[in-house]
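Report on one structure; see the data block that follows.
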Amino acid sequence: MRNAPTILHLDMDAFFASVEQASKPSLRGKAVVVGGLGPRGVVATASYEARVFGVHSAMPMGQARRLAPNAAYLVPRFGLYRSISEQVMGLLRGLSPLVEPLSLDEAFVDLEAGAVAWDAASAQLVGERLRADIRAVTGLSGSVGLAASKMLAKIASEQAKPDGLVLIEPGTERAMLGPMTVRTLPGVGPATGDHLRRAGITTVDEIAEAGEDELVRLLGKAHGHALYAMALAHDERPVVAEREAKSVSVEDTYDVDIHDRLRVGMEVQRLADRCVRRLRGAGLSGRTIVLKVRRYDFSTLTRSETLRGPTDDPAVVREAAARLLDSVDTTGGVRLLGVGVTGLADYTQEDLFAQAAAGAEGAAGSSAEEDVAEPVTEQEAVAERRWPAGHDVRHAQYGHGWVQGSGLGRVTVRFETPGAPGPGRVRTFRVDDPELEPAEPLPLVPGGSVDGVRA
Ligand code: TTP
Ligand code: MG
Ligand code: MG
């Protein structure tokens, strides 16, 4: 392990919700919940104001509404979040060639490799300046952790939340980690935590005391070994730049185009299994399942789905690939099929013990939009799909605004823009008002850009 705290971990605060608050002045300082609003929807995230009521990511939306009935409930706008993520990642790449994004709002940066920091004082300065730059460019706050290893940098940014910076001085790691709950360690979620607790292990010190053999006996070889090392604050994993980050994929080209839909389905299942064997062979797991289809006319489509947590479970990958295939038209024949897994993780990410369950519950990310409508009548469903809560609109007379809600043939719009000093006015229209149309998001910061945004 290096002896200077020059690994930086950044994680944006309440990311989706903060973007919504930045773009909608009336929601600043208010409880905001972003997620799927349909009957099976789950919370993607909640603003810190909403977390006070107990609302958190992955909670069923119905439960969130009971806990925080007065919060604003919004459908995610992934295009906007992606474009802001790009701005943030761009700032990180300005610091070092070694930037490892873990998700839209989170990345490791090796400051030493960028020659921008070499000791605690210089690392602290870079971290503070980065937070200021992020605020200037995006209007949002991110929390920064600095330490001599990835694991500790991530723990530090968690401690820094929200809107802070924590630096862990090398040499103090063991003493700091010891009394903390095992849940602090990466890879220990609720399931692994329960498992350890039943064995009488609740703190990091108790993992160290239990010894490596006991950990392996409890959690299996790979996980037990890794967890023991982390409890001793041993973590030598390098920051891996995005372009080096591996993705595992397999594909087959067919001599004769496949026309039979059943056969296409079977091939996809076979490729999914092969892909998982490779993945496991490399000791990896990944969050995003990708399906590639080249059709008879050489048109090539890729479809992807992002799961809540990384998986290396063949059943989960097979099911995701099958769902993706459902959305692809293969009439006319298929020349090539491929299945891949990206967003790879080693043991750093989520609760490895519970990953199969998370995968089985389906995707939390991109599929949320499908949950939007709870059809009261056909017309209601159409209205809600055309006017999702939180999405931008433009009215010929009143200008730019966003959908506060819709129902009973009406849509309520609040006319306000990101730069405005305070809340804008609310007006209600018929859902088929010819003067009202969906609009692209505006930049969060005056003069900023939202290149490539498609909400
Ligand atoms: P996180 O960084 O885990 O959470 P957050 O940024 O909302 O809040 P925090 O301040 O605690 O970091 O996730 C980033 C975004 O990813 C989050 O804003 C929404 C999305 N997300 C989901 O869609 N589903 C989930 O289960 C989680 C955890 C996040
Ligand atoms: Mg975050
Ligand atoms: Mg995050």
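For all residues, glycine too, the Cβ spot is worked out from N, Cα and C.
Going by TrEMBL, these are the annotated features:
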- Glu106: active site (ACT_SITE)
- Asp11, Asp105: Mg(2+) binding site (BINDING)
- 7-189: domain 'UmuC' (DOMAIN)
- 416-455: region 'Disordered' (REGION)
- Phe16: site 'Substrate discrimination' (SITE)
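Sequence features annotated in TrEMBL and their locations in the structure.
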residue	record	Cβ neighbours (10 Å)
Asp11	Mg(2+) binding site	20
Phe16	site 'Substrate discrimination'	28
Asp105	Mg(2+) binding site	23
Glu106	active site	18
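Among the recorded positions Asp11, Phe16, Asp105, Glu106, residues whose Cβ is positioned under 6 Å from ligand 3 are identified as Asp11, Asp105, Glu106.
Sequence-distant contacts of the region 'Disordered' (416-455) (same chain, six or more residues past either end, CB-CB distance under 8 Å): 19, 22-26, 77-80, 82-84, 87, 136-140, 383, 386-387, 391-402, 404, 406, 409-410. The two recorded residues Glu106 (active site) and Phe16 (site 'Substrate discrimination') have their Cα atoms spaced 12 Å from each other. Among the recorded positions Asp11, Phe16, Asp105, residues whose Cβ is positioned under 6 Å from ligand 2 are identified as Asp11, Asp105.
Between the C-alpha atoms of Asp105 (Mg(2+) binding site) and Phe16 (site 'Substrate discrimination'), the distance comes to 9 Å. Across the region 'Disordered' (416-455), DSSP helix (H, G, I), strand (E, B) and coil residues number 0 helix, 9 strand, 31 coil. Over the domain 'UmuC' (7-189), the average per-residue pLDDT in this prediction is 95. Under the three-state DSSP scheme, Asp11 (Mg(2+) binding site) falls in the strand class.
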